[in-house]
Every structure is written in C-alpha cells, then in structure tokens.
Amino acid sequence: MSSEYLIRSLLMLFLALFSANASNWLYLAKLSSVGSISDEETCEKLRGLIQRQVQICKRNVEVMDAVRRGAQLAIDECQYQFRNRRWNCSTLESVPVFGKVVTQGTREAAFVYAISAASVAFAVTRACSSGELDKCGCDRNVHGVSPEGFQWSGCSDNIAYGVAFSQSFVDIRERSKGQSSNRALMNLHNNEAGRKAILNHMRVECKCHGVSGSCEVKTCWKAMPPFRKVGNVIKEKFDGATEVELRKVGTTKVLVPRNSQFKPHTDEDLVYLDPSPDFCEHDPRTPGIMGTAGRFCNKTSKAIDGCELMCCGRGFHTEEVEVVDRCSCKFHWCCYVKCKQCRKMVEMHTCR
C-alpha cells in the first residue's frame with residue numbers, strides 16, 4: 001500500500017467523520033428561509049442533514065422552517081452568552097458552523113448541543129402555538145379548573161410536541177449509531193439537559209375578566225419562558241459543568257464524574273469529557289478557533305472579558321474613538337420621547 005494512498009484514505013475518513021457531526025444541521029441557519037420547501041425532493045438538497053434527518057424532513061416538510069429558525073436562535077443565543085469570552089461562537093461558512101470546536105468533547109461542545117436541542121424544541125413549539133403547523137396546535141390537555149381556583153383556558157404552549165420533535169430530529173445521529181460511545185452519551189445527555197431548561201421553567205400566564213377591570217374570573221395558560229431565560233440557564237450549567245468518564249455498571253455503560261469526590265450530575269446539568277483549549281491563538285488546523293487578536297476587552301475588568309485574560313497576556317492596543325449617544329431625552333405630550341445626539345470620545349481597547 002503506497003503512502004499516497006494511505007494519506008488519501010485517512011483524509012477521506014477524516015472528512016467523513018467531520019461532515020457527519022451531529023450539529024451539522026445548524027447550517028440550516030445559513031439559509032434565508034426554507035419556507036419555500038413544498039416537496040420531499042428539496043429535503044435532499046438541504047446541506048448539513050444526515051440521511052435519517054432527510055427522511056424526517058420529507059415526513060415533516062412544513063416543520064422545517066421552524067427548525068431553521070431554531071438553528072438561528074441557537075447561534076444567536078450562543079453568541080450572546082459567549083460575547084465576552086475568548087471563544088465567542090464565531091461561525092464559519094461550512095459545516096459544522098462552529099468548526100471543530102463542536103467535534104471535541106469539551107464544555108463548549110456541551111453548551112452548543114444543549115442550546116441547539118432547546119432551540120428546536122422552542123421554535124417548533126412556538127410554531128404550534130401560532131397556528132403555523134397542521135400537525136399540532138395549542139396544548140388542549142391543560143383544561144378545567146386548577147387547584148388554585150383559576151380556569152385553564154387560552155393557548156397553552158404545546159411543549160410536549162416540540163420536545164418530541166427535537167428528540168427525534170436532533171438526537172437521531174447519536175441514536176442511529178448506538179449509545180455505547182462516551183461521546184454519544186455525552187451529546188444525548190446534554191441535548192436532554194437543554195430541553196429541560198425549557199420544561200423546568202414553564203410558567204403560568206393569566207388574564208383577568210370582569211367589570212371595570214375586576215378579576216371575577218381568571219383564565220390561565222402555560223407558556224414557555226423567553227429563550228433568553230433558557231440561554232441563561234444553560235450558560236449557568238456550562239459554568240458548573242461536570243467532567244465525566246465512561247464506566248460500565250453491570251451491563252450498562254454510563255457517564256460518571258471523573259473526580260469521585262464530586263457529587264453525581266443530574267439530568268439538568270451539562271457534562272463534558274475533555275478539557276477545553278485556551279482559545280488564545282488562531283489555529284488554522286482547528287477551524288472555529290479564531291484566537292483573540294483584535295477582540296475588544298475591558299481594561300478595568302478582572303473577569304474573562306478583561307484585557308489581561310482576554311488577550312492572554314499579549315497586551316492590548318488603546319485608541320480614542322468618537323461615539324454618538326442619545327442624550328437630554330424629554331417626554332413630549334402625547335406621546336413620544338425626543339432626544340439630542342451627543343458626541344463624545346471614548347477609549348477602546350483591542351487585544352494584540
């Protein structure tokens with residue numbers, strides 16, 4: 001066997017593994033809309049889907065625009081939550097959109113999987129409640145009078161349908177190849193933790209009915225939390241994520257804390273297998289790790305957004321730039337606010 005043939009074979013194997021990453025479907029966010037999908041053939045052309053996701057697409061064509069919105073929601077929330085960290089969820093014009101970061105068993109990958117699974121559940125549920133989908137609507141299982149005395153009415157979010165679709169679509173790659181590998185178990189656990197960030201924070205919203213604003217009758221319905229709340233919950237779980245390893249208990253393979261002194265993780269916690277890189281330098285061999293050169297930093301902060309940590313000890317540039325702010329705002333009857341535009345010079349700091 002020639003060395004050239006061996007190198008070519010290894011390269012093809014690497015590309016196959018890389019392209020089969022379970023989060024590749026996030027590439028749907030790069031599409032302006034998939035609402036124009038009107039037949040099953042179009043599903044074959046959607047980049048980033050594995051074959052079993054293509055089959056789900058063909059059976060659920062009308063749901064795919066909600067999935068696309070979910071993908072964009074996941075990317076936007078990731079970039080918001082990590083805006084002040086060395087890795088800030090920068091995306092690529094390729095699959096996977098976050099690069100090789102999500103192919104490693106790090107806590108960053110754990111966050112991406114959790115927020116992605118949550119985003120599909122959220123977007124599909126919202127599509128159900130808004131009447132976009134023929135296959136689902138409001139949750140009619142919530143009815144009657146509650147123990148607190150109010151009447152269940154209105155449109156309760158059908159979170160059960162959204163979660164079920166997320167489980168079938170997002171989890172399909174891990175389940176199709178079996179659940180015996182440590183990475184498959186990690187991904188499935190974090191997917192479920194992401195969905196629980198919605199389920200465990202469902203809220204009750206109510207409306208009063210009566211004469212002159214009285215509350216003689218109160219009707220209530222169950223609603224999902226804002227997705228920013230979901231992102232905040234998952235980010236907190238990221239900060240406290242548990243490093244785990246695969247262990248066989250009887251005939252079952254399970255993930256357990258690598259440090260036996262740590263308490264076992266719950267279904268709501270994030271877990272990871274490998275330590276994260278420092279993300280300081282751009283690594284052309286690792287797509288998705290952009291480094292922190294040129295990133296803005298906070299000169300006075302001692303946290304991760306501070307120049308000392310963000311710039312990894314390389315120092316930073318400082319320049320004065322002019323910014324325009326609204327100022328001297330006044331309320332005018334009725335009913336608008338009028339502001340002046342004020343210019344001022346501020347110092348901006350960027351990493352070397």
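We number each residue from 1, going along the chain as drawn.
Each Cβ is built from the backbone N, Cα and C atoms, and glycine gets one as well.
As recorded in Swiss-Prot:
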type: DISULFID; residues: Cys78-Cys89; note: disulfide bond
type: DISULFID; residues: Cys128-Cys136; note: disulfide bond
type: DISULFID; residues: Cys138-Cys155; note: disulfide bond
type: DISULFID; residues: Cys206-Cys220; note: disulfide bond
type: DISULFID; residues: Cys208-Cys215; note: disulfide bond
type: DISULFID; residues: Cys280-Cys312; note: disulfide bond
type: DISULFID; residues: Cys297-Cys307; note: disulfide bond
type: DISULFID; residues: Cys311-Cys351; note: disulfide bond
type: DISULFID; residues: Cys327-Cys342; note: disulfide bond
type: DISULFID; residues: Cys329-Cys339; note: disulfide bond
type: DISULFID; residues: Cys334-Cys335; note: disulfide bond
type: CARBOHYD; residues: Asn88; note: N-linked glycosylation site
type: CARBOHYD; residues: Asn298; note: N-linked glycosylation site
type: LIPID; residues: Ser212; note: O-palmitoleoyl serine
type: SIGNAL; residues: 1-22; note: signal peptide
Using a 10 Å radius on the Cβ of Cys312 (disulfide bond), the other Cβ atoms enclosed count 17
Rounded Cα distance in angstrom between Cys334 (disulfide bond) and Cys297 (disulfide bond) is 42
All chains considered, the count of other Cβ atoms within 10 Å of the Cβ of Cys78 (disulfide bond) is 27
Per DSSP (three-state), Cys351 (disulfide bond) is strand
Nearest by Cα to Cys280 (disulfide bond), of the disulfide-bonded residues Cys128, Cys339, Cys342, is Cys342
For Cys155 (disulfide bond), the spatially nearest of the disulfide-bonded residues Cys128, Cys136, Cys327, using Cα atoms, is Cys128
Within 10 angstroms of the C-beta of Cys208 (disulfide bond), the count of other C-beta atoms across all shown chains comes to 12
Densest Cβ environment (other Cβ within 10 Å) across the disulfide-bonded residues Cys128, Cys280 belongs to Cys128
Among the recorded positions listed as Asn88, Cys128, Cys206, Ser212, Cys327, the Cα nearest the Cα of Cys311 (disulfide bond) belongs to Asn88
Here the Cα-Cα span from Asn298 (N-linked glycosylation site) to Cys215 (disulfide bond), rounded to a whole number of angstrom, reaches 50
Note: among disulfide-bonded residues Cys138, Cys307, Cys342, least Cβ-dense neighbourhood at 10 Å is Cys342
